[in-house]
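What TrEMBL records for this protein:
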SIGNAL    1-19  signal peptide
DOMAIN    13-110  domain 'Ig-like'
DOMAIN    141-236  domain 'Ig-like'
TRANSMEM  306-328  transmembrane segment
Amino acid sequence: MRFPGVLLVFLVPVTQVSSNVEGDKMSVTRAPGTAVSFTCALTQNTNYIHVYTKKEGTAPRLFYYDIYYSKFTLESGDSPEKYRVYAGTSKSYTFTMLYLEERDSGTYYCALWINWKKIFEKALELIVAPYDINLASDLSPKPTVFLPSIAEIKLHNAGTYLCLLENFFPNVIKVYWKEKNGNKVLESQQGNTMRTTNTYMKFSWLTVSKTAMDKEHKCVVKHEKNRGGVDQEIIFPSVNEVVTSVVTTTEPPNDCLNDGSKATGIDSEKACKKDHSEVTVTDSKKVCQKDESNSLQLQLENTSAYYTYLLLLLKSTLYFATVLSCLFRRTVCSSGKTS
């Protein structure tokens, strides 16, 4: 579609500014039948404020407000009773939409003419939830982490972290990666946001080079429904720590407390020892970390299984497309012979 492409050309920072009354949120979700407001703030005088609504796969719809006559003119075919406009201070105007329906979902832009150019600024990303979505429930992204495989580390001198996010709503989400104690956003890869029944899922992955294998990393998730409105930060251990943990699991067991060894501890826990040295456990954790190592090994197995599943899914899709193409060609050929 050409028109949306033209729209994006004019999305540049200039004198016109708009802001969402909900704050700097990525999206605002509302239940059907409720209302939502957003503000267009101007830095110069104008007689008209244009408001566009854009939905995926459709051309933008326009309605505008006549400031001089305080008149709301609709070019989208909607009822004027659905909208309200309130003049604020410092040339700001608040637009309110009433009786929300699912079809009102979309991105809303404030726009006005400046020097013969129409300037757009995003004002609101609105999602009107379906009736079967309980907005009072926990709709934040639920993370599952996948650590690098030893085979990848040895073969490529690199490690890939994968963060799978599931069961969230709405679908507006931003995921990026940083070093644990760093501020720089790292280059990463993003999968598509996919719908699963009434919620969504997404995965993102980061490949760490040899020079950064000793550093911990974090996956940062921005979403409207995060608890407390705070970004999720999912910490990943360093690649070197992953290697060390896996090597520990492959070493032969020493049965923790061989003959002649001594150990003291809290809660009657056993402590591993080498060379008949005495070990003291003070914080209710086993030094051998057997349970932790087993969990890590299971995590690595899950990583391999996940990638295998993706490969099989891709092969199945290609096979289905090939069979469908053959059937379609046979149908066309049969129709040609009949005619």
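Cβ atoms are placed via backbone N, Cα and C, with glycine included.
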| message | On average, what pLDDT score does this prediction assign to the domain 'Ig-like' (141-236)? | response | 94
| request: With DSSP as the reference, give the number of residues of the domain 'Ig-like' (141-236) in helix, strand and coil. | output: 13 helix, 50 strand, 33 coil
| query | What does DSSP give as the helix, strand and coil breakdown of the domain 'Ig-like' (13-110)? | reply | 6 helix, 45 strand, 47 coil
